[in-house]
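Taken straight from Swiss-Prot:
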DOMAIN    123-217  domain 'Rhodanese'
ACT_SITE  C177  active site, cysteine persulfide intermediate
COMPBIAS  276-320  compositional bias 'Basic and acidic residues'
REGION    276-326  region 'Disordered'
Amino acid sequence: MSQYIVCALYKFVSLEDYTEIRQPLTQVMEDNQIRGTLLLASEGINGTVAGSRKAIDTLLTWFKEDSRLADVVYKESINDVQPFNRTKVKLKKEIVTMGVEGIDPLHVVGTYVKPADWNALISDPDVLLVDTRNDYEVDIGTFKYAVNPKTETFRDFPQYVAENLDPAKHKKVAMFCTGGIRCEKSTAYMKEQGFDEVYHLEGGILKYLEEVPEENSLWEGDCYVFDGRVAVNHQLEKSHYDVCNACRLPITDEDKQSDSFEKGVSCPKCIDQHTEEQKSRFREREKQVQLANERGETHVGGDAAKLIEQRKQEKKEKKQQQRSSK
């Protein structure tokens with residue numbers, strides 16, 4: 001059985017010519033049948049891709065040919081199936097979107113903590129441990145002692161800090177995320193806001209799960225990942241979660257037994273969030289997916305993704321209205 005190397009990577013580095021990198025990077029991915037998405041911006045590179053061992057090694061060698069990307073941070077895991085449908089290299093304003101101007105992890109950032117030293121830090125009662133990930137990620141797994149900010153997107157994090165954290169009260173703050181990149185931005189932001197002792201887990205949750213034995217671990221549950229595996233367990237293997245193709249949120253076997261679940265159309269988390277017209281489109285898309293599967297092909301559709309972005313924008317506008325009415 002063929003195995004795929006899933007490679008999550010990022011690096012904050014000045015890439016003024018990032019638009020010119022897109023074409024050759026796309027070419028090396030396509031030539032080596034690597035799928036996934038990489039983001040390029042003037043502040044660096046970020047993304048997750050998957051391919052054969054030889055293909056991923058070729059990509060990493062390609063990065064080494066550019067001195068700016070030679071030491072790109074990456075973490076690998078293995079999967080039995082290709083977790084991505086497409087090959088994409090996108091140009092962005094930020095490689096991880098916080099929406100705050102002037103936050104530069106190359107200028108200031110929190111203190112990195114190795115996975116081997118993480119347990120001791122977060123067990124300190126004087127340390128406030130904050131999970132910087134989104135609410136749906138935290139729901140399926142997090143560290144013992146961690147606070148859930150209940151953010152819907154990373155853009156909500158600055159508001160959480162403004163409303164809940166105080167440099168005079170919270171002297172020591174530790175943060176973590178999936179692979180480390182969000183903490184680069186969040187710790188930089190915290191330092192800019194006057195927080196002195198700010199720490200973050202080097203390599204993120206994935207590196208911790210890789211290096212810390214499960215019997216010594218303070219991780220509880222599974223770790224959400226942004227690919228077809230949905231979530232991984234402590235052994236970095238695909239766990240029991242699937243994804244609802246209507247809202248893209250993780251679902252369990254129990255969710256699939258609910259009367260609110262219709263494959264590709266709705267789940268208990270989104271049953272009331274889509275119109276009947278939207279659900280009809282989802283049913284048609286699911287039909288096309290099944291037909292493609294019968295032909296041994298992969299169906300790629302965009303309706304669900306568009307609706308998710310629309311829903312995020314609606315929630316953002318609702319929050320802004322609530323804040324302005326206070």
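Each residue, glycine too, has its Cβ placed from N, Cα and C.
Same-chain residues at least 6 positions away in sequence with a Cβ under 8 Å from that of C177 (active site, cysteine persulfide intermediate) are, in sequence order, D131, T132, R133, C183, S186, H200, L201, G204, I205. Across the domain 'Rhodanese' (123-217), DSSP helix (H, G, I), strand (E, B) and coil residues number 38 helix, 19 strand, 38 coil. When averaged over the domain 'Rhodanese' (123-217), pLDDT in the model lands at 97.
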